[in-house]
Amino acid sequence: MEIKRSTEELEDNHVMQISGSNGIVHNMEFMSQAYLRNQYSSEIDIHEEFVSPYPHEDAPLPIFLKFEDVEYKVRNIQASLKTMVSKVVTHTNQDPDGYKHILKGITGSTGPGEILALMGPSGSGKTTLLKIMGGRLTDNVKGKLTYNDIPYSPSVKRRIGFVTQDDVLLPQLTVEETLAFAAFLRLPSNMSKEQKYAKVEMIIKELGLERCRHTRVGGGFVKGISGGERKRTSIAYEILVDPSLLLLDEPTSGLDSTSATKLLHILQGVAKAGRTVITTIHQPSSRMFHMFDKLLLISEGHPAYYGKAREAMEYFSSLRILPEIAMNPAEFLLDLATGQVSDISLPEELLATKTSQPDSENVIVKYLQLRYKTDLEPKEKEENHRNTKAPEHLQIAIQVKKDWTLSWWDQFMIIFRRTFRERRRDYFDMLRLVQSLGVAVVLGLLWWKSKTDTEAHLRDQVGLMFYICIFWTSSSLFGAVYVFPFEKIYLVKERKADMYRLSVYYVCSTLCDMVAHVLYPTFFMIIVYFMAGFSRTVPCFLFTVLTILLIAITSQGAGEFLGASVLSIKRAGMIASLVLMMFLLTGGYYVQHIPKFMQWLKYLSFMHYGFRLLLKVQYTGDQVFDCASKGGCRTLQSSSSFDTVNLNGGLEELWVLLGMAFGYRLCTYFCLRKKISICHL
């Protein structure tokens, strides 16, 4: 790569503004010139005039990406155990220490205005390399990876757009809502609401999403837009904020040839706007293949070809490797990458190997890898890595970290609206309402006008209170335990892009869910309380309802903590079941006199404190009952149902439950922060 102008000339003619609050505001005249490819050389020129398809916006900061001798390995636990037992490693890709090599010395470069395609058979390492380029994988990575000759840093993070193979979009939002919320969160605060809406409108038109703008995105069991529309929405979601580097993982998977070609035309327009575009591709059509500017062919983690896509056939022809029949270039290259050479003519040295050795496919792949190392790699390293440097002002600009575009409160208002809109169908689900009200009516009928005039009747009413605790503890616990495991992929994606603060997301999530955890128990208690004949005083009724709400909110916090600690739907459900069972047994109804060596369990149970508080609110110790018995009237405190509860002992359980509700949420936040930071899509 040869930069045709000197750094000094560019710096004399161009102005760059740096804003502390909004990151870098690009007001640079050098952006009016194209960083376009020369299709017949390996240079990236910066003196061709080009017109942005987005005329009313500043062009993105150019990023020249270079990667040299990139290696990546993962630990193979099963192989490690075998190695420890036998001390022998038989797998060719396995280290003696139990690591499996995925990438083995990948070298290349690309710049603004170019589309670099990563091709190779399944399992060759394309997606892994893409994640490394996007900063999603950092552990066990070797080699040199630079952006404008600067290593990856948090300042680069918000300049990268990453479109995953599986479209990660909230299913209940419409296309327009998805893009609008992204615009409000990620676009600079100096843009007005009207300007942000205008940009969303422009992106929708550019990507042909007008027809489905008011349709839910869908996914899973939610009906929504088509696969091609969902993929275009994912791309719109990323280019909305002008990423300098756009990475796409298999963007044409599941699309027909026409839709895939249309999508690639869109990516060409994105690249011509001054962005660097890198995409993995499995098997493109002939037309799509010739739309790529550069091509990196990967075979078993090794590079087999790197250079201009149009020159790939010419390169293999120079090696005397030619298709014998008319063949799609992409199909030809993939056959070579796997060693499948039927209908392909080979040089004499390979023909002899093919007939004499049983593992001829492996020999052919090794030959291609060796020729790349001797013919292409030295030239790439010399021209684009050793003798070329990015302009100094680009090196400075890439190191300036963008601040949050919005304040904490502004992010809170946007995320709260988005979260509520996404989950409102769950909150106001008719089945959920029927369940709560139906159970309330059944309980009211079973305990119709219950009394406390005898020991048996008192025990019945106490049993009802404990069942109410069980019902709302289990409902709230299981209603919250799956929230973060289900939303993990969305949270990881948006946090990797620094879309918002994690604290904002968590506060919005727990407050929105609290709507259901407050609304349904209130309706439930209004029905049960008066049907079951509880104490008919206003303070007693209000304190009883507030106690049930506090139990539900504490259970919600416990469920969130359990879900955030594992972030797995299956494991979260199992752990929640075990915890709930333990809390039921130590709640104070089934077993009042717990052995001393097991008493510590009840102090962990919020059901224990909630049940005691409910009894204290409903009854008083000097209240009399059982007056018809031979012994005469007795106080409630003398009943065996309250052996371990001092009904006149104050409401210290209230403060314990409040502390638990807050403590669970604090632990949830730190668990989320730790887990999300190590998760990868």
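Every residue number used here counts from 1 along the chain in the order it is shown.
Cβ coordinates are placed from backbone N, Cα and C, and glycine is handled just like the others.
According to TrEMBL, the domain 'ABC transporter' annotation covers 65-325. Summarising the annotation, TrEMBL assigns transmembrane segment to 427-448, 464-484, 504-529, 541-562, 574-591, 654-672.
Note: the stretches the transmembrane segment (427-448) and the transmembrane segment (654-672) are not in contact (fewer than 3 CB pairs below 8 A, sequence gap of 6 or more). Cβ atoms under 8 Å from those of the transmembrane segment (574-591) belong to residues 462-463, 466, 469-470, 473-474, 477-478, 481, 558-559, 562-563, 565-566, 601-602, 604-608, 611-612, 644-645 of the same chain, restricted to positions at least 6 beyond its ends. Along the domain 'ABC transporter' (65-325), the predicted structure has mean pLDDT 86.
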